[in-house]
């Protein structure tokens, strides 16, 4: 038997037992002729003691260095009271070693366990980075989460059904990863951005409760919470309304948080998209942050300051304020930095009012715009925003989109910078009633979610006549400012589906080429169906307390979609390209021998 126990699971109940352990040397210490090591495996650490009287084991122990892979046999014994280490789970015991085997020696590690390593180094030597207890713990938590999800879904009558990885390219919002076909030369498969259409087809097939923990692929610009390949908890149901789907999925998440964190999230509030954007400047509001956007355009329509009155009198404009409690202490330099920050979102400046003594009216405030305000207007602003002495008001005045985006981002930054966000709390909610379409910047419309989302309470003819007013029967689950899941009621009418395609500018010919199989399936008694997909990686990220999705994926990609460890992507073998009838072109020239002209 290679091992009888895991290092990190030993405790006082094992005292007197002989155990065999396998793992790595985490640290070695020579203390006055005695040798101690901390031995590590996936479950944690335990202290091992080598006595000179056990000559063979002691001699071999003198050769040990960090990260040697070893096996040892010894007796568990209680530590003296004075030597108990309360910072270790195994701190009440130690192993008195009788026998030691060095399974494999280790060279000096390229990662330093005593300092912070660069992310580049951690990704290049990921197999070593994963030995760190905090990384191992995150992957253990991930495994615990997926096991919990499977049990929950099985208990609620959902069937785990796999869908294809090699499929057809369909427009779902991001670029596809393409896979060339050797058999069908000149043709390509696409790796799925989601199992969306296949799970809808499963509903049409009669499998009324489906789930799958599945890899998805999107060739898009990356950031801290995105990866080119990611994992979804994918769910679809038939004969369930949107509130019923939300109820089951909310139960899943509430029970998951209780299991992993011991936290009862309580009932999730439901907020419309319009309210979220109006109050928080985001469709995924972080409710731990108490700051809100307050509309004040009606109070500023008639003032002589055109920066305010212009947008206030424009149907497409917005003037809003954020009250920051205690913010009057901010320096001019800090305020200027916030002004530069919102320029990222198209804002042209950041007006402010410092409220020093509210009772004194205009004499009690400090502001470059105060000279444009009457006592009545100032009083109305302070009442509307509930401003108190010591507060500061920040204003945004521009198009509705610029103001909403800029103040929404400023709200989050202020919450972080001024420690207003309650970092140790959980604030989940549902966001519903999204617009079905949004302008695409080229005079057309694009689907805000995806083109298979059903509208709320509209006939195809009504949708075609006024698509801009359509509200999607969609819902997102948001926790602490992260969208952890999103779903919708799906279109189950061929007429409605084709109406949506036409609104999106997809011609009849394109509809047949790209979605003919779906349109055909919709002819044969399609049930009403709805679903949702959770981002597993984001859930694990939240539950393990990290803000980087790469910390919860065993072998992630960089923000440039590269694997530093395997050096993927790589150039293809020329023989393979020839077999696939593919010529690689770089800067307009065919690459020779699978290499670019710049190599």
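Just so you know, glycine gets a Cβ as well, placed from its N, Cα and C.
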Checklist entry - Per Swiss-Prot, what member of 162, 292, 483 joins 218, 219, 220, 227, 535, 536, 537, 538 in binding ATP at one site? => result 483
Checklist outcome for this item: The residue range that Swiss-Prot labels region 'Aspartate', out of 192-195, 196-199, 200-203, 204-207, is 196-199
Checklist entry - For the binding-site residues listed here, 218, 449, 490, 538, which shows the highest count of neighbouring CB atoms within 10 A? => result 490
Checklist entry - Of the residues in the region 'Aspartate' (196-199), how many are helix, strand and coil by DSSP? => result 4 helix, 0 strand, 0 coil
Next on the checklist: Out of 220, 483, 536, which of these binding-site residues shows the lowest number of other CB atoms within 10 Å of its CB?
Outcome noted: 220
Item to check | From binding-site residues 220, 483, 536, the one whose Cα lies nearest residue 449 (L-aspartate binding site) | outcome: 483
Checklist outcome for this item: In three-state DSSP terms, residue 536 (ATP binding site) is classed as helix
Checklist entry - Quick one: Cα separation, residue 538 (ATP binding site) versus residue 218 (L-aspartate binding site), in Å? => result 16
Checklist outcome for this item: Expressed in Å to no decimal places, the gap between the Cα atoms of residue 490 (L-aspartate binding site) and residue 536 (ATP binding site) is 22
